[in-house]
Amino acid sequence: MIESKHWRHVFKLDPDKPISDEELEEVCESGTDAIIVGGTYGVTDEKVIELLGRIRRYALPCVLEVSRKEAIVPGFDHYFVPLVLNASNPEWILKPHHRAVKEFGTMIPWEDVSVVGYCVLNPRSAVAELTHSETSLSFEDVVAYGRLAAHMLKVPYFYLEYSGTLGDARLVREVYQALKRETDIHLFYGGGITTGSHAEAMLNGADTIVVGNVIYEDLKQALQTVPQRK
Ligand SMILES: CC(C)=CCC/C(C)=C/CC/C(C)=C/CC/C(C)=C/CC/C(C)=C/CC/C(C)=C/CC/C(C)=C/COP(=O)(O)OP(=O)(O)O
Ligand SMILES: O=P(O)(O)OC[C@@H](O)CO
Ligand SMILES: [Mg+2]
């Protein structure tokens, strides 16, 4: 079982983006709590296997965020299965999941699989475009998706996904506070974190922050987002 409830910071590595051994070592030895492997486009099983093998040189937990059934590979500590709660293209709500469950059948290690309810908020992100996410949402809309995830779907994680852009820290914090008053759902925040102060601000409104693109744009800056342990 992964100890994700205690994670404060995770790096998300995209199998479709190059990273050198030296850079990967800095990421894995940065003090981050875990690595998520995920991306929307260009994710193949070969690329996932190659990246997983390299991450396995280090002791930290590694989770696959499943984006395509063709790129599911064994050997991860855990699997996060996204449910895009605000997808308006019905093709994306449960069809890929149905196809994967039909194909893998009894081979699925369900104890190692968690469903993550996503609320996608950057209209220009790859995931928003793919799933036609309805991103013009009010605070009340976002909280309603969180409540739906926690009370109706009973999923363990709710992910505020601003992929590629920094969200509104106040809105994120208010959503967090509203949900924590009535549920113990674990809140991930991801999107646009490129500095230590972004990380600090978003940690006021999330259990775990996810840092992705800046790894590939400015690794030194990315390393600054890892909270200092006291
Ligand atoms: C044998 C074995 C090991 C079995 C375990 C397999 C397993 C986990 C089985 C479970 C079965 C199951 C239900 C699988 C689901 C399959 C599936 C294809 C689901 C679809 C998920 C989905 C809705 C994908 C849409 C895209 C999405 C949400 C991707 C997540 C990644 C994400 C949000 C990326 C962020 O965007 P990014 O790409 O970074 O954006 P930029 O490019 O703009 O940076
Ligand atoms: O790539 P960035 O913008 O850091 O976002 C992280 C993560 O939420 C993407 O799924
Ligand atoms: Mg990305």
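In case you wondered, yes, glycine gets a Cβ from its N, Cα and C as well.
Predicted automatically and left uncurated, TrEMBL annotations should be read as such.
Within LYS5, LYS12, the residue that TrEMBL lists together with TYR159, LEU160, GLU161, TYR162, SER163, GLY164, GLY192, GLY212, ASN213 for binding sn-glycerol 1-phosphate is LYS12. Taking the Cβ of TYR162 (sn-glycerol 1-phosphate binding site) as reference, residues of its chain lying under 8 Å away and at least six apart in sequence are, in sequence order, LEU121, ASN122, SER125, TYR189, GLY190, GLY191, GLY192. Long-range neighbours of THR40 (Mg(2+) binding site) (same chain, six or more residues apart, CB within less than 8 Å of its CB): SER67, SER125, ALA126, VAL127, LEU130. Binding-site extent for sn-glycerol 1-phosphate: residues LYS12, TYR159, LEU160, GLU161, TYR162, SER163, GLY164, GLY192, GLY212, ASN213, maximum pairwise Cα distance 17 Å (rounded to the nearest whole number). Counting in whole angstrom, LEU160 (sn-glycerol 1-phosphate binding site) lies 18 from ASP14 (Mg(2+) binding site) by their C-alpha atoms.
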